[in-house]
Structures are given as structure tokens and as C-alpha cells.
């Protein structure tokens, strides 16, 4: 039973979001870590993300039946009743928001609320099923965790928070389109209007390329804005160039699904590398040098 309640929260998504939360938090901390705040923020965001995922599973249980990769989800198989899942999701959300409000700060909590509302209320309930722009809207909620981590420390939505929002929102687009390409038949069967299905894979490849270019520019802004150091800059440039190269090779491949899986896989590597580098390579306030931890 515990396993089923864990599975419905999508632990893989929670883990991925925690990496970005840590990146945002440590970037803002600049080497001076408030450990109780760190724990409250991580647990709070984890609970909010878990709540959103359970609500998403509840909302999507009809279309999940039609998709190969989701047909065995807990709610689809009836291992947890829909009513119980709603109570479970609500309790997780309340606990998460309370931790962010009282353990971090009101701004972190409100950012969590906004990300949650966009994901559950706007994306899951409507945009995912009715608009080709659903992925774009969903990307905003996906970018909330690192911003929450950052603002939990600063208590202020400054240019650093805005840059993080841009980086992670732009990253979501090629990442999500790659999934839609190698899971094309699933999305088609469930009648989900993602870009590759509605406009075609060729158009999706153009969008992927443009979004990776925009992502590359956004990643550089952390250093140019005085938030991250040169080691971060080198890694950001390297992963962006490599990712862009992979995207461009997509115009010549014979098997789009194989290419999309590789692009998706590298997207995970790219965002993890950036999260790690912004955690350890930050600009110290009032310093003339871009300093970092000594490796």
C-alpha cells in the first residue's frame, strides 16, 4: 500500500525538482547556508510537487488509460480510489504550503501556490487537453521550484529569480517536445494537442532549436548578471552548444524517435549540470572576483 501511495506522487519528478530547488537555494545562499531553512524548503517543495502530481494523476486518469507509458498508473488500475487520492493530494498540499509559509517565507509559499495553480488548475484541467500552447504554460510551473529555492533565501523576487525562471522555463520546452516526439503515438491516441502531433515533427524540431538557443542565452545571464562564476559559465556554454548540436543533427536523422530519446536524455544531464554548477560556483557579494568553493 505504501508503494502505491508513493508511486502516485511521481517520485522521479519530485527528485528532479529537488535538484533544481537545491541549485536555486545554494545560488542565493552564496556559501552561507541556513540548514533549517534548507530542510524546510526542500520538504515543503517536495510536498507541494507531490500534491500537484497526485491531482494530475486524478485529472488525467481517463487519458492515462489510452497511453502505453501511463496505462499502469495507480489510479488507472484502481489501486487507490479517486476520492482517497483527492484527500491525499489535499493533505500533501496543505502540509507543503504551511512548511513554505512558516519555515521559509510568504514569498516562497506564494510562488509555490502560483506554480501549483498553473500546473493543476490551468495546465492539467484545461490547456493540456485543449491547446497546443499547453506545454508553454506548463513550463512556467515546472520552473517554479528553483525560483522558490532562491526566494526562500532572499525573500525577494529580483533579477536572479527572473533569470532562473527564464532558464528553467526555456529548458522545459525542448525537453517536453522531445518526449512528445518519441511518445508520438501515445499523445496521438489520447488526443493530446502537443506541438509535434498538431503541427508535425518538422515544426517541432524548429521550435526545439530556437528554444535551446534562447535557453543558452538565458544561462549566460547568471554570470553576466553577477550571480554565478566563470566555471558555471564554461559548463553552461558547453552543455548548451552540445545540446544545440544534437538538435541540429535532428534535421538529418532517419529515426526521429531515437534522436528524440537522446535529446531528452541529454536535457536531464544539462539541467542537472547547471543546477550543480550554480550551487558551487557563485559570485560573492562585494567582491571583484567571481569566486567559488574551492574544489
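Cβ from N, Cα, C; glycine included.
Pulled from Swiss-Prot:
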type	residues	note
TOPO_DOM	1-8	topological domain 'Cytoplasmic'
TOPO_DOM	28-36	topological domain 'Periplasmic'
TOPO_DOM	56-77	topological domain 'Cytoplasmic'
TOPO_DOM	97-106	topological domain 'Periplasmic'
TOPO_DOM	126-196	topological domain 'Cytoplasmic'
TOPO_DOM	216-227	topological domain 'Periplasmic'
TOPO_DOM	247-267	topological domain 'Cytoplasmic'
TOPO_DOM	287-295	topological domain 'Periplasmic'
TRANSMEM	9-27	transmembrane segment
TRANSMEM	37-55	transmembrane segment
TRANSMEM	78-96	transmembrane segment
TRANSMEM	107-125	transmembrane segment
TRANSMEM	197-215	transmembrane segment
TRANSMEM	228-246	transmembrane segment
TRANSMEM	268-286	transmembrane segment
For the topological domain 'Periplasmic' (216-227), the number of residues DSSP places in helix, strand and coil: 9 helix, 0 strand, 3 coil
Stretch in 78-96, 197-215, 228-246, 268-286 most in contact with the transmembrane segment (37-55), if contact is a CB pair under 8 A: 78-96
Stretch-averaged pLDDT - the topological domain 'Periplasmic' (28-36): 96
Segment proximity, the transmembrane segment (197-215) to the transmembrane segment (268-286), 3 or more C-beta pairs under 8 Å: no
Annotated stretches the transmembrane segment (197-215) and the transmembrane segment (9-27) touching (3 or more Cβ pairs under 8 Å): no
Same-chain residues near the topological domain 'Cytoplasmic' (1-8), Cβ under 8 Å, at least 6 residues beyond its ends: 53-54, 57, 73-75, 79-80, 85, 88
